[in-house]
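Working notes, structure below.
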Amino acid sequence: MAPVKVVLLDIEGTVCPISFVKDVLFPYALEALPGTLKAKWDSPGFASYRAAFPAEHAGSQETLAAHVRDLMSKDLKISYLKSLQGYLWETGYRNGELKAPLFADVAPQLARWREHNGAKVMIYSSGSVPAQKLLFGHTNGEPSDILPWLSDFFDTVNAGPKQEKASYEKIAAKHQEYPIGEWLFLSDNVKEVEAAKQAGMQSYIVDRPGNAELSEEARKEHRVVKSFEEIGDL
């Protein structure tokens, strides 16, 4: 197996619990939505978020809010929704109401890979790049802000859907100094891991508390780790 030069990380269920997104971030966004729409509806800074929504849902605060609630109830990963969620979370992160609860092994292992192995660490999540940066800039660890440790960020807008091989090829093509076989993608999602492997990356399934149960087939087909510590040095 080729040495790993780039570690590409999923977020939800990989570096932090799925429950943080489902039980903390999503409810926070829904609670903040009406007041934000009322305060920012006509402000220039909000215009791009509003304009990204389909016209039939962007005509009034009520129709936009109803559409957001509908999309979130179905957990649909649509880019304009993800962008708005990041906007809503920004206040919570900045005022200290929101802090990302990274699993205890994450920050020490990222530091180890960077400092001892010389690897680059990058992020690929269905959450928007601005939302990713908010999360890693406001963690429960010490230091709280680990953005300086991360070299690049990818989402469904700048890379594509996470279950498609072409998305991983596109990500690797942006950093051609690292052959695709020297990338390691870590995710809790079996289909994402399969897509990354099809593209030529190394990839492991991360099995964290609260994640979906893995099938026996998935466990036989892929390497499964419960902690980044199990990966050790690259």
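Using N, Cα and C of the backbone, Cβ positions are placed for all residues, glycine too.
Listed features, source Swiss-Prot:
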BINDING   D10, E12, D188  Mg(2+) binding site
BINDING   S125, S126, K162  substrate binding site
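Neighbour density for K162 (substrate binding site): within 10 A of its CB lie 22 other CB atoms from the protein chains shown.
Recorded residues E12 (Mg(2+) binding site) and S125 (substrate binding site) have their alpha carbons 8 Å apart, per Cα-Cα distance. Those residues of the chain, other than D10, E12, D188, with a C-beta within 8 angstroms of the mean position of the Mg(2+) site C-beta atoms are I11, G13, T14, V15, I18, S125, S187, N189, E192, V206, N211. Those same-chain residues not listed among S125, S126, K162 yet with C-beta within 8 angstroms of the centroid of the substrate site C-beta atoms are D10, I11, E12, K77, Y124, G127, D155, T156, E192.
Reduced to three states, the DSSP call for E12 (Mg(2+) binding site) is strand.
A straight line from the CA of D10 (Mg(2+) binding site) to the CA of S126 (substrate binding site) spans 9 Å.
Among the residues S125, S126, K162 said to bind substrate, no two Cα atoms are farther apart than 8 Å. Set side by side, the binding-site residues S125, S126 differ in how many other CB atoms lie within 10 angstroms of their CB, and the most is found at S125. The Cβ of D188 (Mg(2+) binding site) lies under 8 Å from the Cβ of D10, E12, G13, T14, I18, I205, V206, D207, R208, N211, A212, each on the same chain and at least six residues away in sequence.
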